[in-house]
């Protein structure tokens, strides 16, 4: 018979089972022992059991507290946090985001530039941060012998806490946090020169490095710390720097221990120099690279006498000669300045030509250039050139892969491969640079993201050109001033409910306006305005109608035919439309409501770009509505009579509205006096 066990929530229960033969297993068919025999722990009958051998006896523990926990779990449930495998996540970031290994240098230089920008900004209010640590600069030293690259900046540096926060947290951008802090402090403003925003650029160093060591000293900390991590590892080490020879005055030093297959390429000084010139040529801080140079030096050599000649005295035997000597020194890699950031009025013609030759390796001056700035939802600056020599063959004229337009974001090179996206193919020979601060990029900053950006066509020829062009790369142009505009973001349920609620109002407004409009419908394009007047799908827009009216030999009949039908779209969220909705239900015969509809149509006519049929009649309606709105508001005495002219004007308006006749407008050129000598 099995022993009786007592349960207590305070402590686990214990019972001893005697073993007649310590080497013989306990009968697996015991009443509470599981059929697979005794293990160290097992569960049976909903309880958790623990076994332990003591002096030829088996101790069985019943963990009653676990039972209580399980009962609590069944009632409320236990919360767990998602856990990410850091090494796997790092592998995805490093090997999936970037298409070219060489961009690691661009990312690290951009981080160094941000650190310098932060220091420069903060030093305005805290000059002590600068100290005597030297100029704001970046130095890159490749070491082919040891297979390392060292990137040093004299920027703001990091404290131990910032090391953990910025480098120990994947996708944590210190620059992004800094910009957020600036925006919250409106007195300081924000510095758009800061580049980083995603917090993954630092990890691109593992594209080419098997180990990364970061040594950093913040002017706000007395200690210097070292962050060290190995590729494909889920942990890192932070320690205090104690070697006096490795102490920094201020800033950050990153040392990359290159992989064996990347050691020879990226430890080559000339390769590093070219990468800096390609990606970071226009970073606002000086970038120095460690380069091998040569110089001519004068040396004295002892001249040996020729055969048969007498040996010269010691002072006359020395001969001065020159030889080439090689040495290593720092060289400025980004000496060319971004002239597109300057005011075009301040840049000389020779500067444009010099920039063109250095940037595109040309020897001829350009035929022409243009320097402009575009502002809007996306702002950018650009300098474009027409080369001094035309393409050598027809293929180069329409070749989309010329890479003649270089795109920069905050002066950092992004790409020059756009397959005709920035320029049409027939202009592929044009060379230049485009720089923007707010173009949408993907995380690796190599590809432009798709975005909805409203393109304003304001020239008279634009509408004619777009109507004939119709599509671009299978994307159809849509005129937002015409009917049936589909934005693709409507809530279908809300759309049906709104249409059902305002159907009666649409019919009522159509009844009031008659043939002035083809129909009245709910608008999908309005956010604040009460209504808008749009053209039919195949009719002229307001702009085209205005252009055709201005033609000297315009045909009136074709004008009436092509102007097509007009559609009034109303905004159900506007208070005016809501008031009219109540009026059509509660007082559909109200003269005030009908006058409001007429005025609403005339106002929509003007705001949508159309010309009113009768400006004088529109003016009278506005005066009438003003009289209704302002009458007696400031305590006008009731005995004051309405001016006779206003009464006559209102009466004329009512009469013309009822009879459907239009007020005749006499142009100034048609007014003649009795003494007009040109009168027939």
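For all residues, glycine too, the Cβ spot is worked out from N, Cα and C.
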Between 246-270, 271-295, 296-320, 321-345, which stretch does TrEMBL give the note region 'Disordered'? 296-320
Need the matching range: TrEMBL marks region 'Disordered' on one of 589-634, 635-680, and I'd like to know which. 635-680
Using a 10 Å cut-off on CB atoms, tell me which of the binding-site residues 107, 153 is the least crowded. 107
Would you count the other CB atoms within 10 A of the CB of residue 201 (ATP binding site), including those on all shown protein chains? 26
Rounded mean pLDDT for the residues that make up the domain 'Histidine kinase/HSP90-like ATPase' (100-262): 82
